[in-house]
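Novice: Sharing the feature lines straight out of TrEMBL:
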type: DOMAIN; residues: 1-75; note: domain 'Fibronectin type-III'
type: DOMAIN; residues: 78-170; note: domain 'Fibronectin type-III'
type: DOMAIN; residues: 174-265; note: domain 'Ig-like'
type: DOMAIN; residues: 273-362; note: domain 'Ig-like'
type: DOMAIN; residues: 344-439; note: domain 'Fibronectin type-III'
type: DOMAIN; residues: 445-540; note: domain 'Fibronectin type-III'
type: DOMAIN; residues: 546-642; note: domain 'Fibronectin type-III'
type: DOMAIN; residues: 725-819; note: domain 'Fibronectin type-III'
type: DOMAIN; residues: 822-915; note: domain 'Fibronectin type-III'
type: DOMAIN; residues: 919-1007; note: domain 'Ig-like'
Amino acid sequence: MPLVDGGSRITNYIVEKRESTRKAYSTVTTNCQKCSFKVPNLAEGCEYYFRVLAENEYGIGEPAETTEPVKASEAPSPPESLNIMDVTRNSVSLAWPKPEHDGGSKITGYVIEAQRKGTNQWAHITTVKTLDCVVKNLTENEEYTFQVMAVNSAGRSAPRESRPVIIKEQTMLPEFDLRALYQKTVIAKAGDNIKIEIPVLGRPRPAVTWKKEDQILKQTQRVNYENTATATILTINECIRSDSGQYPLSAKNIVGEVKPSDAITCRDDIEAPRIKVDAKYKDTIVLKAGEVFRLEADVSGRPPPTMTWTKGEKELEDTAKLEIKIADFSTILINKDSSRRDGGAYTLTATNPGVTAEKCVLSWLPPLDDGGAKIDHYVVEKRETSRLAWTSVGAEVPVTKLKVTKLLKGNEYVFRVMAVNKYGVGEPLESEPILAVNPYVPPDPPKTPEVTAITKDSMVVCWGHPDSDGGSPITNYIVERRDKTGLRWVKCNKRVVTDLRFKVSGLTEGHEYEYRVMAENAAGVSEPSPTSPFYKACDTVFKPGPPGNPRVLDSSKSSITIAWNKPIYDGGSEITGYMVEIALPEEDEWKIVTPPMGLKATSFTITDLKENQEYKIRIYAMNSEGLGEPALVPGTPKAEERMLPPEIELDAELRKVVTIRALKWTREHGESLDRASIESTSSYTLLIVENVNRFDSGKYILTIENSSGSKTAFVNVRVLDTPGAPQDLKIKEVTKSSVTLTWEPPLIDGGSKIKNYIVEKRESTRKAYSTVNANCHKTSWKVDSLQEGCNYYFRVLAENEYGIGLPVETSESIKVSERPLPPGKITLLDVTRNSVTLSWEKPEHDGGSRILGYIVEMQSKGSEKWSTCATVKVTEATITGLIQGEEYTFRVSAQNEKGISDPRQLGIPVIAKDLVIPPAFKLLFTTFSVLAGEDLKVDVPFVGRPKPAVSWHKDNVALRQTTRVNAESSENNTVLTIKEACKEDVGSYLVKLTNSAGEATETLNIVVLDKPGPPTGPVKVDEVTADKRRKTAFYGLK
C-alpha cells in the first residue's frame, strides 16, 4: 500500500508485466482489490519484470517495479528412477534418467546422498552434472540406500530413492558382445590389416582363448590377440587367403565357461557383379516413334562395379537425346525421342576388377566445405611413386568415381583429386600408393578327370571344379589327351568349354588314351590336373535285356508249350540264342531244359513233366557277353489237358449231339428283367421288352454253359429318349460370391449325343429354381454373383435332341462363404519365464461365415516345425509350458466353417523370461472430488514387473486402513475406497510402488464438497464514524 494515498482512498491496483527482452509493459489486471495478485499464463523459463500502480478517485499513481527480472520457473521434478548399475566390495555405480520436467529452468546438477541401514540420517556424498556417479569408500557387506535430487535455479527436486543394496563383490558368467560383428563375419581384401575387438563381460575378469578352426591359435608377430580389462582384440596384419576360416573363442572364470554359438568367420572382400532387371525387360519392348523409353537395372558386387551400356559393338555415351545415369549400384538409360534406328539389343556390362595390371577404379566423397558455391567438377591426376611430376587423367570429371586405364603392370601409383567450383580449384585429396597388379591369381588345377562313356572313336571326359577359382570366375577349361603309344599332349577342344564335361571325338579304335584338364581365368591358365587312367577306344557290349511277352501256348498231361518275343535291348551284340529253365513253385532250384548251345527259335515245348504239377518257368536271351536278365512266364502253368468252352454258333450237325445244360439272360449292371419276356428253344433264344424307355438302354448279356465250360455274348441296346440325370455332381470351390460345380455326363444319353447342360440355383428359403446357364457345353460351371452368407441348392440337367432329361441336385444346401482373411495385428501383452500372452485383431473379413475360433501355433528357434499351442474363441491367448531362455516365434490363424485362414505371424521372436519393468503410473488425472456422505473409489492403474509392492500415505503418514477407508491392490492397479466421505478425508494421498527394478510415487488430491465452515476471527474494526445511519467495518485476515 502506498505511503501517500493522495488524500483519497485507494480504489484498486493495476498490475503490469513485461518480458526482460522487451521494453513495453502489458497490463495483467486493472482492478486488483487486494495487495497481492497471482500473475497467470507466463511462458515457462522466460524472465519478467513486474510493476504495480495504485489508483484513487484522482487517477493512477507512480509505479513500484521489481529491480531484477524474475524467471518463471520452479524446482524440477525428481528423476524417474535411480538404478544400481554395478556393485563391487567398496563401491556402487549409480545412473538415472533426466527428470520429466526441469521446472522451467536448466538443470545445473544432481545431489547424491546415502543412508546406511539402521540409521535415519542421509549423508551428502557429492554433486555431479552427469547422469551417473560412482560412490566409493563404502563398507563391505553393509546395506545402503541412495537418493538423487535434481537442482535448478529454483531449488532442489524431491528425492528419488534407489533400492537397498548390499556392498559386496559380484560374480557373473562370462559373456561376449558380438553385436558389432554383422552376421559374425569379417570381410577383408588380401593385404589388409584386420582388427576385431569384442567386448567381454564377466566377474571376476574371464580368461579368453582364441582358436583357428579346431586348433589353439598360434600367436606370431603377424597374427596375435590381446586381452584387456573389458575386451579381447584379434589382430591379423597383411592378411592372406589362408587366414580365411572360422575363429572360435571361449571365456572362462570361476563361475563357468562360455563359447559363442557360432565362430567368427573371416573371408575375402570380393563379390562378383550381379545385375537385377525387371521381368518386363526380358521380352521385346514395342514402342511408337517419338515415345520415351527407359531401361533400368540394379547392380551389386564388391568392390562397386563399373557399368557401361552398349548397342551392338558400340559403347553408348550421354547425349542430348540419350541420357545415361549411373549411381554406385543402379543405372538408368533414357531415350527421349525414339526412332526406328533406335531398335535393337541394349547390353549392360558390370565389372568390378578393382585394381588390375592395366586399370583401376577410383571413388571419393564430395568435400565437406563447398566454398559457398556448387561443385562443378573434379580434377584427377596420377603420378608414379618413382617420379615427382603429376599427369592429368581427368580434367572435368562430373561424378565422384573414375575408371583410370593404361597403367603399367607392376608400377606403383599415387592419385589425387581436387574439387572445382566457380571460384577455382580446391585442395587435393591424395590416395595411398597402389600397385598395378591383378587382384586375382590363376585358379587351382581341376580334379582328376574320369571317362563316363566310350565308343570306338569317342569318349566323354568329366572332371571336378578346382578348389579355388583364384578370385576370378573360370572362363574356360582346356582338355588334353595323350596316346599311350606317343609322348605329346594334344589339345582336344577348340571352342570354349565351361561345363565340367567334354566329348572327345576323332579317336583311333583300339588305342588307349589318358586325359588331363587345365582351368583358365582372367589371370591365366592353371597347372594341369592329375592325369586320368588309360581308357581303350572301342564299342562297349553289354548283356541283353529280358525276352518280351513270355506266354503259354498249349499244355498236355506231360508237356507245356511256351513262346516269347526278342528282347527290346540286345546289349549292342546280336542275340545268339535262348535258354529255358523250370522249377517247382516252392523250390528255388532251377533246371535247364533246353540244349546247351541254346535255342534259335522263340518257342519251345517242355516235355517229361508230371501230370497236374505246377511249374515256374523263366527264359534267358544270350549274346557274345553271356546270358541277360530272365523273363518269368506269368503264374505257375500246370501240365494238364486243355478243355475248350462251347461256342454259341454251332454247326447244324453238332447241334444234335451237344447238350446245353443252362441258358441265362442278364443286364450289365444287374438291372431287373421283370418287364422282359424270354423265349428259348434248343437252337435259339429270344428276349422281348415292350414300351421301352431310356432306362432300358444298355448291354444285354447271354450266357450258355455245358460240361466243357461256358460262353458269353452280348447285345448293346440304344433307346432314343431324353437323357438321364448327370452323375457325380460335386462342389469344387466356394468363395464369398461364387460356387464352382463339376459333374459327369449321364450314364444314359437317350441314344443321342448330349448337346448341352442346364445349370439352375435356388435359395434355401425359396422353392423355385432359377436358371443360371441354359447352354453350358462343359461338365463344370462357376455360378457367380451370389449373395455372401446365403445358402443355395444347385441342380444340373442334360439336354439332347429329344429334350431335357432328369436333374441331379445337391443333397445339402451350400453356404456361399470362404476361408477368412488372416487375423489383424498381433500384440505381445505379457512374457514370463514359462508363458506368453498374445492378443490380436479380428480378421478384416470373416469370409462370409462366422469365425469359430483361432489357432495359435509356435516354433522354437532352430526348428522348422510349427506346433499348435492353443485353440481359443476369443482374440487373446496365454501360452504356457515354455522353456525359460528359449526363443519362440508365434503365429495365429482364424477358422470358420470353410476352413483355416493363412496365418499372421508376430513380427519379432519372443524369449521366455520374466520381464523386469520399473513401476510407473497410468493415471489420467490426480485430483478426485466427492460429495460429503457419498462413497468414493479411486482406481490407480500402474505397470511393473515383478509385481510392485503398494503403500498408501495420507499427509506423509502411512494410511490407517479401516472398514470405512481401505486400499486393495492387484497385478496392475490399486483401488482406494472411502465410504461416506467426510471432511477428515480431504488431503494429499501419496501412492508408492516398489519392486526390484525401482520405485515410483504419485500424489493424489481428494476434495470433499460440503457447505463452508464458520469464518475465522476475531473481527477487527478498523474505522468507526459518528454517523448513526451508517457504520463500516473492515475485516482483516491475520
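Each residue, glycine too, has its Cβ placed from N, Cα and C.
All annotation found in TrEMBL is predicted automatically rather than curated by experts.
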Novice: May I have the DSSP-based helix, strand and coil counts for the residues of the domain 'Ig-like' (919-1007)?
Specialist: 3 helix, 56 strand, 30 coil
Novice: How about the domain 'Fibronectin type-III' (78-170) and the domain 'Fibronectin type-III' (822-915): do they have 3 or more C-beta pairs under 8 A, pairs 6 or more apart in sequence?
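Specialist: Judged by the Cβ rule, the two regions do not touch, with the required three close pairs absent.
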Novice: Going by DSSP, how much of the domain 'Fibronectin type-III' (78-170) is helix, how much is strand and how much is coil, in residues?
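Specialist: So the domain 'Fibronectin type-III' (78-170) is made up of 0 helix, 43 strand, 50 coil.
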Novice: Across the domain 'Ig-like' (273-362), what does the pLDDT come to on average, as a whole number?
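Specialist: Mean per-residue confidence for the domain 'Ig-like' (273-362): 81 out of 100.
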Novice: Treating G and I as helix alongside H, and B as strand alongside E, what does DSSP give for the domain 'Fibronectin type-III' (445-540) in helix, strand and coil?
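Specialist: Result for the domain 'Fibronectin type-III' (445-540), in helix, strand, coil order: 0 helix, 39 strand, 57 coil.
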